[in-house]
6 protein chains.
Amino acid sequence: MNEDESEEPGGATDANDAGSPGDDLTHTDERGEVQMVDVGAKPDTARRAVAAGEIHLSPGTVAAIRDDALSKGDVLATARIGAVQAVKHTWETIPMCHQIPITNVETAFAVEDDRVTAEVAVETTGKTGCEMEALEGVTTGLNVVWDMVKAAEKDADGQYPGTRIENVRVVSKEKRSL
Amino acid sequence: MNEDESEEPGGATDANDAGSPGDDLTHTDERGEVQMVDVGAKPDTARRAVAAGEIHLSPGTVAAIRDDALSKGDVLATARIGAVQAVKHTWETIPMCHQIPITNVETAFAVEDDRVTAEVAVETTGKTGCEMEALEGVTTGLNVVWDMVKAAEKDADGQYPGTRIENVRVVSKEKRSL
Amino acid sequence: MNEDESEEPGGATDANDAGSPGDDLTHTDERGEVQMVDVGAKPDTARRAVAAGEIHLSPGTVAAIRDDALSKGDVLATARIGAVQAVKHTWETIPMCHQIPITNVETAFAVEDDRVTAEVAVETTGKTGCEMEALEGVTTGLNVVWDMVKAAEKDADGQYPGTRIENVRVVSKEKRSL
Amino acid sequence: MNEDESEEPGGATDANDAGSPGDDLTHTDERGEVQMVDVGAKPDTARRAVAAGEIHLSPGTVAAIRDDALSKGDVLATARIGAVQAVKHTWETIPMCHQIPITNVETAFAVEDDRVTAEVAVETTGKTGCEMEALEGVTTGLNVVWDMVKAAEKDADGQYPGTRIENVRVVSKEKRSL
Amino acid sequence: MNEDESEEPGGATDANDAGSPGDDLTHTDERGEVQMVDVGAKPDTARRAVAAGEIHLSPGTVAAIRDDALSKGDVLATARIGAVQAVKHTWETIPMCHQIPITNVETAFAVEDDRVTAEVAVETTGKTGCEMEALEGVTTGLNVVWDMVKAAEKDADGQYPGTRIENVRVVSKEKRSL
Amino acid sequence: MNEDESEEPGGATDANDAGSPGDDLTHTDERGEVQMVDVGAKPDTARRAVAAGEIHLSPGTVAAIRDDALSKGDVLATARIGAVQAVKHTWETIPMCHQIPITNVETAFAVEDDRVTAEVAVETTGKTGCEMEALEGVTTGLNVVWDMVKAAEKDADGQYPGTRIENVRVVSKEKRSL
């Protein structure tokens, strides 16, 4: 139970509120105007957020990635680097996000029979959470995979009938005092 | 049928190949090393790519976005701007993408009963396609929506049990000579 | 009286100096060479700076913005977002500025009969002030307004005879110990 | 008379319209939603825009800048570089601006008795105008001057009672066929 | 012999001048003020520049990179990606550089007994050369290698007594009409 | 002896290890996959790193820089600014670097008979070192010098037979408790 998440009043204002989502929007004020959230009075805490998602690919593409992974591995290396860079750039990608000091990023890409899965964990010591950073890492990491396999995934008309990014979610979000 | 997609040999090398995806990876060379694709010899053509996706939200959050949309509308305005900016930044987000002159971006966000859908169309006059730009617009636009409704979507433990980005896909990809 | 503003020796070195501006330039050393200011030995303090300015527009343009504000409001929403992003990018826009952790940004745009006014407040917890961030927010926010009303403001020759950004100033600058 | 400025319908839709500003907002569509302008069908033309503005300073500060200009000159050199960089970054600073190929930037800063004036000319060969680029160059260039003279301009309370950026305007905007 | 390099008058103003370098500075005007070069009147040409350099490392570090290259190869993959990204960012890294459309980047890193060598080729179709892009690719690529082997290269006092980047040069620079 | 450099285990794991470089690579994990280093558990310390390097130039070019330095000095002012900006951008240039709060940057460029030397000192208060920031400042600063003297350095064929960046090194690296 994260009782002092003043940035995110939804479930946090009252423990009895569990299960009933709040109805306030985080980044708009009482006039409906978009705003940054004031985090100046919040203490520094250690935060960790993990997000995950997957890209569905044709069997031929998965085989090509596996071949590459067995030899050089640059496809997944590029996705890992793209994910880390996206995490660090979240403050400019997501307009109302704060600049926070990222202390750790862990990326895990796995090649399954009909998809590549991505999991990105982000840690920070600061005044606000880092789930947006983890989500940006996942979606950009999966987009990088897409970019790397464009030739293999396209059909004869240059379209992508089967390629899909699915199931992008926040796996967990933790906070502990310093 | 886009017969001269030399960047993307998958379906393009042979028209008879329709339906059978190629097995080459776009951005790795014969040694498996990551590389940019040489587009210097390709003619300028008019390109358009449309991508789409959706974020599943709780009914309470959807109601809050609708209230906001009826009054100020800053939630979706922020998502539209985030999507346009993400389109323009694709060359630095996706490591192997080229800098291309974007001539048009159209964004359409729709609020449905249990989700917000996003569609982003990108047009360019250049030597390479723009589906990665459209995909970046969609995934970042949906992440911005997530960021704007964090308070409403979180449960009492600060988690997002029902929030999901799903069905991110390339709707269409076109090219015509100038 | 901010007695320990070692970064900014002008009025601060001596209280008797009030009213007589200092003659040192902040970012050039004794040889006249541009330099960053060393803030490593300065304690973290809570800072707030407010800047303001205005853009003069034709009555027809003001009416169009009011119509838009009554319905969707995307003109001013875009300006608000542009201002927030400019605040966060000041460290790269102004060459000698430090990267500082912005904890809060408040933007207020008001539509008057012949102008739009902008006020941007920035707060940080750090080793240096944030008036440059507030000024960047104001000037970029006003430039975004200009960009959004280009069609309405231009005369038949494509010129802007009456459009002006005026009165850009620092309204206040505060500092308090943590 | 620039008759084909389809991006900017204000004065351009009708030559008889001279003097009566249009009432359409450039970057919002019929639903009031913010949008980029489609420039794909526009021919490449040679464009030049000149913007100007000034920063009012105390006599002591002006004297300090003149001293610096006589020796090293890094104050104005930094402002020139900041202006050029701001011109090149306009596509990311102003949300709805296109990425355009800047072919030339000219900056002129002049030190007068109670102010520094800035004029920035921008040239491009492309599908859309460059007055926003020139305006960004002027306002950022003047903000850089402010940053460089903070110590000299502040009073004993750390405030800026007399510092002002004024009269930011588009001096001229030209277009000619290639 | 590149006779029309008006941007770079050094050797180009006169063919008889071969061997005697010019004495003009590219980016300062007659008053010594820094400026961008006007390339608006220059025709589009196909350009290619190749730069190279090397980082000297201890034998133990070279062995570690070779081990990595035999298995995953992420050290050199990261350097390749860093080099490509640096090429694309040159317009903001080098203040007076233009934004140019990069059509191709080729990177080649080789592991020798006591060093890693880097060669970066850049191609563009535009109005100005791309040797600065190639140089930025080489120096950043080598810095990325340094970053990846910090642990192996440091001595017991945390210093780098033997690590050196050397011999950074432009290997060739070509231009041909379109 | 910096005994707690857990980020950089090379020489630091054991004082007896002095002189024998470690064999671990900093940014790859046990599977050889590129990763950021977790610095969350490290205390904030005051860090300083100094890097240096030089660019070899023809005597005519050196004379032109000296002339410029005697009058306006914009060549070296531009290099100083480029170096400071490169220091601040290291977190995005070097993929696995953290965003750290730079508290001070000192740049020193010296014009010698056949070269320009650069030394860049960087200070931070944080959880990780700043030698990569200092190296980026040096290499980019020297590349800026190259860019500014392109006309003077090129021979009649547009090549750079004698221009070289050499001897880029970390001069010192210090850490002290707060």
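Heads up, the Cβ atoms here are built off N, Cα and C, so glycines get one too.
Automated prediction, rather than curation, is the source of TrEMBL annotations.
Cβ neighbour count for D:Asp147 (active site) (all protein chains, 10 Å cutoff from its Cβ): 24. Per TrEMBL, active site is recorded for D:Asp147.
Residues or ranges marked as substrate binding site by TrEMBL: D:Met96, D:Cys97, D:His98, D:Met132, D:Glu133. Sequence-distant neighbours of D:His98 (substrate binding site) (same chain, 6+ residues apart, CB-CB distance under 8 A): D:Met36, D:Val37, D:Val39, D:Trp91, D:Gly126, D:Lys127, D:Thr128. Under DSSP, D:His98 (substrate binding site) is assigned to coil, being neither helix nor strand in the three-state scheme.
Annotation comment: TrEMBL describes D:24-33 as compositional bias 'Basic and acidic residues'.
Mean per-residue pLDDT, taken over the domain 'Molybdopterin cofactor biosynthesis C (MoaC)' (D:36-175), amounts to 94. What TrEMBL lists as domain 'Molybdopterin cofactor biosynthesis C (MoaC)' is D:36-175.
According to TrEMBL, the feature region 'Disordered' maps to D:1-37.
A gap of 22 Å separates the Cα atoms of D:Asp147 (active site) and D:Met132 (substrate binding site). In the shown protein chains, 25 other C-beta atoms lie within 10 A of the C-beta of D:Met96 (substrate binding site). D:Glu133 (substrate binding site) counts 28 other C-beta atoms within 10 Å of its own C-beta, drawing on all protein chains shown. Proximity to chain B (Cβ-Cβ distance under 8 Å) holds for the following recorded positions out of D:Met96, D:Cys97, D:His98, D:Met132, D:Glu133, D:Asp147: D:Met96, D:His98. Close to D:Cys97 (substrate binding site) in the fold, though at least 6 residues off in sequence, lie D:Thr90, D:Trp91, D:Met132, D:Glu133, each with a CB less than 8 Å from its CB.
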